[in-house]
Amino acid sequence: MEGGFTGGDEYQKHFLPRDYLATYYSFDGSPSPEAEMLKFNLECLHKTFGPGGLQGDTLIDIGSGPTIYQVLAACESFQDITLSDFTDRNREELEKWLKKEPGAYDWTPVVKFACELEGNSGQWEEKEEKLRATVKRVLKCDVHLGNPLAPAVLPPADCVLTLLAMECACCSLDAYCAALCNLASLLKPGGHLVTTVTLRLSSYMVGKREFSCVALEKEEVEQAVLDAGFDIEQLLQSPQSYSVTNAANNGVCFIVARKKPGP
């Protein structure tokens, strides 16, 4: 794309949550690559955080954007969830849903799908309330800082989750590797990183705005996770991709990795 990499200032000024949600999270029952991508992530997260999966006390979601779908499974297995995003608008959108404010985005179809995966299709309202009770805070984050949640300081977490965010925040492979190390600093030794990364994606559209990404190969993501001090427990590469007009990626990579114990 022209004009250089879209950094934090551009996101703060031009990233409109409702345009983003309308493009990627409509989930109205009609088939689309975007709906299939959402289902892929919900299914992976259900398997990761469902019965017999990861559990603990604290989970930090980095780069939440204006979305809550990514913690629907985790709210059953963690007691304290932190959501975070760089932009004011995205954090405001999250707070609006958490506080049931008028005009909040309607996640009902997505919550119902998550409940179906859990075998509780009729309990979507209870699921929403469980999630609202489990999310304890919404913080600003910047993955390029040594403490991505600064100035907030949280105890080391049992799990860090980041979906479809890191590749959009980093302008190069080196920046991505450094950001992963920053995320690792938020975890306890033995804690888990759970991430989905779009592969070979150089930019994506939000409304009429184009936002840049670092185009990553699966092998680069895998090596970056290892270099950040993790052992990879699961790596799933899928050809799942978005509509070419929205985000011309070439598959995705879902990873569960465990932070190595300290010396």
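Heads up, the Cβ atoms here are built off N, Cα and C, so glycines get one too.
For reference, Swiss-Prot has these:
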- Lys13: N6-succinyllysine (MOD_RES)
- Tyr20, Tyr25, Gly63, Ser64, Tyr69, Asp85, Asn90, Asp142, Val143, Leu163: S-adenosyl-L-methionine binding site (BINDING)
- Lys96: N6-succinyllysine (MOD_RES)
Which of Lys13, Lys96, all modified residues, has a Cβ with the fewest other Cβ atoms inside 10 Å: Lys13
Between Lys96 (N6-succinyllysine) and Gly63 (S-adenosyl-L-methionine binding site): CA-CA distance (Å): 17
For Asn90 (S-adenosyl-L-methionine binding site), the number of other Cβ atoms found within 10 Å of its own Cβ: 25
Rounded to the nearest Å - Cα separation of Tyr20 (S-adenosyl-L-methionine binding site) and Lys13 (N6-succinyllysine): 14
Lys13 (N6-succinyllysine) to Asn90 (S-adenosyl-L-methionine binding site) - Cα separation in whole Å: 12
DSSP-derived structure type at Tyr20 (S-adenosyl-L-methionine binding site), helix or strand or else coil: helix
